[in-house]
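Below is one structure, written out as structure tokens, with a few remarks after it.
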Amino acid sequence: MAALRRLLWPPPRVSPPLCAHQPLLGPWGRPAVTTLGLPGRPFSSREDEERAVAEAAWRRRRRWGELSVAAAAGGGLVGLVCYQLYGDPRAGSPATGRPSKSAATEPEDPPRGRGMLPIPVAAAKETVAIGRTDIEDLDLYATSRERRFRLFASIECEGQLFMTPYDFILAVTTDEPKVAKTWKSLSKQELNQMLAETPPVWKGSSKLFRNLKEKGVISYTEYLFLLCILTKPHAGFRIAFNMFDTDGNEMVDKKEFLVLQEIFRKKNEKREIKGDEEKRAMLRLQLYGYHSPTNSVLKTDAEELVSRSYWDTLRRNTSQALFSDLAERADDITSLVTDTTLLVHFFGKKGKAELNFEDFYRFMDNLQTEVLEIEFLSYSNGMNTISEEDFAHILLRYTNVENTSVFLENVRYSIPEEKGITFDEFRSFFQFLNNLEDFAIALNMYNFASRSIGQDEFKRAVYVATGLKFSPHLVNTVFKIFDVDKDDQLSYKEFIGIMKDRLHRGFRGYKTVQKYPTFKSCLKKELHSR
């Protein structure tokens, strides 16, 4: 700082006083310490006044000098930071930040700072590491299901993203990952070694996903298919199997099963968020692993497909797809699709095995049971039951209920003595939710007759619609949760509307969205467009 002062303000020459009362000036213009008289002689009042004026003037000059130095240093620091972050502003046009037309003919200046380097676009069959900024950019063009899959996926192989079995369990039982996910890149050889530990379908159990943990992969279309399984009644299992079994031999082979890959892909394209085609191409590569041709069997049915669910799309279009150009391209699709845990589990390591209905039914039932067991155990703390309040909390997850405390207080005060909900009661209730549409028809009959439904009528309607018998304690607990007006009656508005949200956990999209990353990506896109 002293050296900087000398450069900015060189010390003035010391000139002799013009009169006997003018004080001498020292370095930097400060009055020199002198008595101008005999030692020990006190200054006169006039000398004291002149010295005080000179001292004040010197302090003002010093203060302004220090402020100037600080301002100059601050401006230089800001400029350095901006240069380090954004590089040389002359590299692009001032309007949009992109290269001008003349940039193609003129040689580029050498880089002058550590600006952000452009990230290369991923090509098919090429493994790249994608930064967090690119993840947020692609989220702008993804649907809610695609964003959730990418949020929980942890494996990347040749540009395509996969979930592990553990990732899938987290995606359907938690709101968001505990830590930010990073995609672990695997080679084809490493992936095949991982799939070698997949058990055959006849060795499946209700702990399959928990036993595999990180030793397996699930593609995006399989993720959608598994979500369908979680929300369908057992009666729908036979329908699903018959859709795949086009030749009627009571067996499904790998080619027949892979039809869902193309059906779900085309269904999803109807819901794509329009925008940058390059970004959409990168997103399709991540989700499906290859770019399929634009002409598709389902393209002519686009308007009708938009309003359908994935399950309806699969049910209505599987046979149509198999007897169209998809059947002719079955070998091409099989060669493009990367083997996954489900494909190896169903059809063996060589893909030659066939799947019968008994094994298919057992797999779907085991998956539903496994997810319910995980949710139940997360609240039971090793006990055989969960509290009625915890049961209410589980039912209200993934719903649009803003103030859940009202429902929880109903249980807390209406059931002061905790009896608990067993796993059998817990499982039977969620099996009932998978038959909610049939139950809603029965419940609407009471609404049309302007009748409220009581506990006995509710229990009978459940049995008629689903064949399930609820225990009196389970029925009473359900009424205490949803009977907000405390009239011991249940209405369509109090129950059916909320349970429809709960049934489609993760399938209709979660109400908790990452607002800040989406806003930041949108703002960045808007700034770059100007």
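Glycine is no exception: its Cβ is also placed from the backbone N, Cα and C atoms.
From a predicted model like this one, the values you see are computed outputs, not experimental measurements.
Here is what Swiss-Prot records for this protein:
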| type | residues | note |
| --- | --- | --- |
| TRANSIT | 1-43 | transit peptide |
| REGION | 92-115 | region 'Disordered' |
| DOMAIN | 232-267 | domain 'EF-hand 1' |
| BINDING | Asp245, Asp247, Asn249, Met251, Asp253, Glu256 | Ca(2+) 1 binding site |
| DOMAIN | 401-436 | domain 'EF-hand 2' |
| DOMAIN | 470-505 | domain 'EF-hand 3' |
| BINDING | Asp483, Asp485, Asp487, Gln489, Glu494 | Ca(2+) 2 binding site |
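Cβ packing within 10 Å was compared across the binding-site residues Asp245, Asp253, Asp483, Asp485, and the lowest neighbour count falls to Asp485. Taking Cα separation as the measure, Asp247 (Ca(2+) 1 binding site) is nearest to Gln489 of the binding-site residues Asp485, Asp487, Gln489. Between the alpha carbons (Cα) of Asp485 (Ca(2+) 2 binding site) and Asn249 (Ca(2+) 1 binding site) lies a span of roughly 55 Å. Using CA atoms as reference points, the binding-site residues Asp483, Asp487, Gln489, Glu494 were checked against Glu256 (Ca(2+) 1 binding site), and the closest is Glu494.
As a summary of secondary structure, the domain 'EF-hand 2' (401-436) carries 22 helix, 2 strand, 12 coil according to DSSP.
Break the domain 'EF-hand 1' (232-267) down by DSSP state and the numbers are 23 helix, 2 strand, 11 coil. The Cα atom of Gln489 (Ca(2+) 2 binding site) lies nearest to that of Asp245, taking the binding-site residues Asp245, Asn249, Met251, Asp253 as the candidates. For Asn249 (Ca(2+) 1 binding site), the count of additional Cβ atoms within 10 Å of its Cβ stands at 10 [all protein chains shown]. Taking the centre of the Cβ atoms of Asp245, Asp247, Asn249, Met251, Asp253, Glu256 as the Ca(2+) 1 site, the nearby residues of that chain (Cβ within 8 Å, site residues left out) are Phe244, Thr246, Gly248, Glu250, Val252, Glu354. Of all the binding-site residues listed here (Asp245, Met251, Asp253), Asp245 has the Cα closest to the Cα of Asp483 (Ca(2+) 2 binding site).
Scoring each of the binding-site residues (Asp247, Glu256, Asp487) by how many neighbouring Cβ atoms lie within 10 Å, the top position goes to Glu256. Look at the domain 'EF-hand 3' (470-505): DSSP puts its residues at 23 helix, 1 strand, 12 coil. Here the C-alpha separation of Met251 (Ca(2+) 1 binding site) and Glu494 (Ca(2+) 2 binding site) works out to 44 Å. Taking the Cβ of Glu494 (Ca(2+) 2 binding site) as reference, residues of its chain lying under 8 Å away and at least six apart in sequence are, in sequence order, Phe482, Asp483, Val484.
Within 10 Å of the C-beta atom of Gln489 (Ca(2+) 2 binding site) sit 17 other C-beta atoms, taking all shown protein chains into account.
Between the C-alpha atoms of Asp487 (Ca(2+) 2 binding site) and Asn249 (Ca(2+) 1 binding site), the distance comes to 55 Å.
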